[in-house]
Amino acid sequence: MLSVARQSTKILGRANLTGSCYVRRTFIASLTRKASRTNGLSIFPRIPVQAGRFQSLLRQTGTIALNYASKATPNSKKIVGTWMLTCSGMVFIAVALGGITRLTESGLSMVTWKLLGERMPLTEHDWIEEFEKYKEFPEFKITNKNITLEEFKRIWWMEYLHRTWGRLIGAAFIIPATFFWTKGWFDKKTKLRVTALGTLIGMQGLMGWYMVKSGLEDRFNGPSDVPRVSQYRLASHLGLAFIIYTGFLYNALDKLIPAQKVAVDYFGTRKFDTNITKGLRKLRMMTHSTKGLIFLTAISGAFVAGMDAGLVYNSFPKMGDKWIPDDILAISPTLRNFTENPTTVQFDHRILGITTLSMITATWWISRKYTLPGRGAKAAMAVLCLGYLQVLLGITTLLHYVPVPLAASHQSGSLALLSAATWLCHELKYVKRLPK
């Protein structure tokens, strides 16, 4: 009996240290004294009773400890959801800033990269030192020989703002995530997603510098070879930003406005119709395909931006006087044209844009056949409206020779369109659980 009591005292003592339950030591001490006074004949009938009490106490201790380990409440879910929505908004702004940085040709003005940030020039001497560093690289030697110090300051500030905002995103993610994790506000699934998003944010920072580094390398041969970042790395940088943004947005929607489960009442019938369930599954598949096409079109836009392909043919719907230009396959081998020939890159972006708009229209048309749950119909309409607006922005940008305001709006519009498609996918989340 003494060994049982002492062992239980140790276990309950550990529970006291974690704060999950509180048991007075006097209770254990009195129980030990009673056990020590009991003779050998009378102790045996008492063992089952005392053991049963300790088992009950231990079960209660385990339950309380489990509750302490996970403290997610409706209010904490709302706070976590708001944090994720804030992070997604910050990523949206970062994408917009990145687009303006590229369009103003500011991305190669900062020729060094430090993990915690570069020191801002405070004096005229500091600015001259920074300018001298810039003069050592291809962009100044080939295209910006006549740039003044004041002009350099303007492009430097644009790149500095973009980098600083990216680091702010990292801080806005890490600090609250650590706090919420220690408070027990993340369930197992959320922990995995937060870990994945944190990893992607770290990769994005490294990819940003890897991209800029490609424009600083001494691989440009003359005035006709314009120093610019690799279009492959630019597309990777933009693609990672879109993935991070979508991840934050989808998880924020999960916390703040959970998707409604599809029930028979949404269709005005008391039983499931096989044709209806098949149609809804088809709609859900089309919605995910539409989201994929939007993403792919945006990535092709990154290739257009990286090669200044928007300035090759500034007419629509034809490219010059032809539907298919003669130089569309000018590079050998043929596959290189799709990522290295400006004409082919612009042609691909046009085709992908029209294909995506057709898919958006078809998805909306089919969605009208069903009474979608909750906010589904509004999300489908948002995708349709933003899709047509995005195509209109793209055509206008092309016809006006890619002015900065229109081009930046077109890039941000692609992310807004992806947001609406993500919302629609979220609203149709439970369609896959319908009975066949």
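Yeah, the Cβs are placed from backbone N, Cα and C, and that goes for glycine too.
Because the structure is a prediction, the values reported are computed rather than measured.
Annotation source TrEMBL lists transmembrane segment at 80-100, 164-182, 194-212, 232-253, 292-313, 351-367, 379-402.
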Taking 194-212, 292-313, 379-402 as candidates, which has the most Cβ pairs under 8 Å with the transmembrane segment (232-253)? 194-212
Of the listed stretches 80-100, 194-212, 292-313, which one has the most C-beta pairs under 8 A with the transmembrane segment (351-367)? 292-313
Counting only residues 6 or more past its boundaries, what in the same chain has a CB within less than 8 Å of a CB in the transmembrane segment (379-402)? 103, 290, 310-311, 314-316, 353-354, 356-357, 360-361, 363-364, 367, 372, 409-410, 413-414, 416-417, 420-421, 423-424, 426-427
